[in-house]
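Heads up: the structure comes next, in structure tokens.
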Amino acid sequence: MLEFFSRLSLVTKIIIAIILGIGVALLFPTVTPYLSLFGELFIKALKSVAPILVFVLVLSSIANFQVGHSANLRPVLLLYVVGMLLAAFSAVIASLSFPSTLYLNTVSHNNLQAPGSLADILKNLLLSFIANPVQAISEANFIGILAWAIGLGLAMRHSSDTTKQVMQDVSHAVSAIIHKVIAFAPVGIFGLVAVTFADAGLATLESYAQLLAVLLGTMLFVALVINPILVGLTIRGNPYPLVFKCLKESGITAFFTRSSAANIPVNLDLAERLGVNPSTASVSIPLGATVNMAGAAVTITVLTLATVHTLGIHVDLATMIILSVVATISACGASGVAGGSLLLIPVACSLFGISSEIAMQVVAVGMIISVLQDSTETALNSSTDVLFTAAVDIRSRQNS
């Protein structure tokens, strides 16, 4: 039995864990307090590993980033960044239009307040930026961690190849630890689902359904409205034939593999059939699999604002704009590990003074809905890589 279960995919295990958790909560509610330990251990593991994960992944990706390989790379990168920003803005609008409530353990955290003005926000950001790096990691100050990782990464871009390789090896080692933690997800989710449904009942299903609807709806909006607008402006023509071709031949494959990296060969093959210059595609598509994460920006923004709404924190427009920028920067590091967008939610939550403990509960909620969320997110991310690459190549041929 255990051997059969070990051969199942993580998605299948999570689905089984959710079903078992709901069943135990409805049939044996008196047992659920004993199952809470599984969920607590899972959240504690995520909370412990997240700071070093963010630091190492961002530092390694920036230190090893190479530019100048192709004349067409700059406009592709511009599309990547603009696309992620617009995706984050769309997520803000969707979250305001359809606010979601999460079931969180907020005992002793009811005094949370957002900064009162833009000046307060910028002051808090600056103070977080210049935090002691060791203290930032130990206290899970994700803004400080991000600042030091970016700064050191930029400084190490001129270091030797050996040093860069060491950083890459450390990044792979941290990712391996994360994979072990994620492998424990079905057990942790089983405990979390059982306790949540025992406490809140079937109303939890409605909450998760609305959260999923906002997430998936926003991603579809980005895929079918935002991306076509950007591509249309680039190629100065009807974008939808190219959009649908990329969604069909790249997005569907990525939906089931749930890995942008695994979908790189599919995208390179599609780019070749679309007549894209190989010197452009060979750089921009692997680069896109690393930094182009519009779906991750949506996930980070929606779940952060759902947390803010749940805790009753008032936020203004300026804060939301800053959140969109932070979500975009965070999304660039989301490719380092499975479920990376979820593990970077604490970075955005820290903008609102939300503790790491609560943020990790939100990550756990994200794990529960990740069966659909992660697949759709990957489909959007990966199909956008080849879409924007092809669009820039078409524009280049038009100008030549």
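Heads up, residue numbers simply count up from 1 along the chain you see.
Just so it is clear, glycine is given a Cβ too, placed from its N, Cα and C backbone atoms.
As recorded in Swiss-Prot:
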- 14-34: transmembrane segment (TRANSMEM)
- 48-68: transmembrane segment (TRANSMEM)
- 76-96: transmembrane segment (TRANSMEM)
- 136-156: transmembrane segment (TRANSMEM)
- 177-197: transmembrane segment (TRANSMEM)
- 211-231: transmembrane segment (TRANSMEM)
- 285-305: transmembrane segment (TRANSMEM)
- 311-331: transmembrane segment (TRANSMEM)
- 349-371: transmembrane segment (TRANSMEM)
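Annotation: stretch 136-156 has the most Cβ pairs under 8 Å to the transmembrane segment (48-68), among 76-96, 136-156, 177-197, 211-231. Counting residues 6+ beyond its ends, the transmembrane segment (136-156) has Cβ neighbours under 8 Å at 47, 50-52, 54-63, 65, 125, 128-130, 163-164, 167, 326, 329-330, 346-347, 350-351, 356 in the same chain. Below 8 A, the CB atoms of the transmembrane segment (285-305) and the transmembrane segment (177-197) form no more than two pairs separated by six or more positions in the chain, fewer than 3 in all. Scored by C-beta pairs under 8 angstroms, the transmembrane segment (177-197) has its highest count with 14-34, from the stretches 14-34, 76-96, 211-231, 311-331. Same-chain neighbours of the transmembrane segment (76-96): 214, 217-218, 221-222, 226-227, 230, 234, 280, 284, 287-288, 291-295, 297-298, 300-302, 305-306, 309, 320, 323-325, 327-328, 331-332, 384, 388-389, 391-392, counting only residues six or more beyond its ends whose CB sits under 8 Å from a CB of the stretch.
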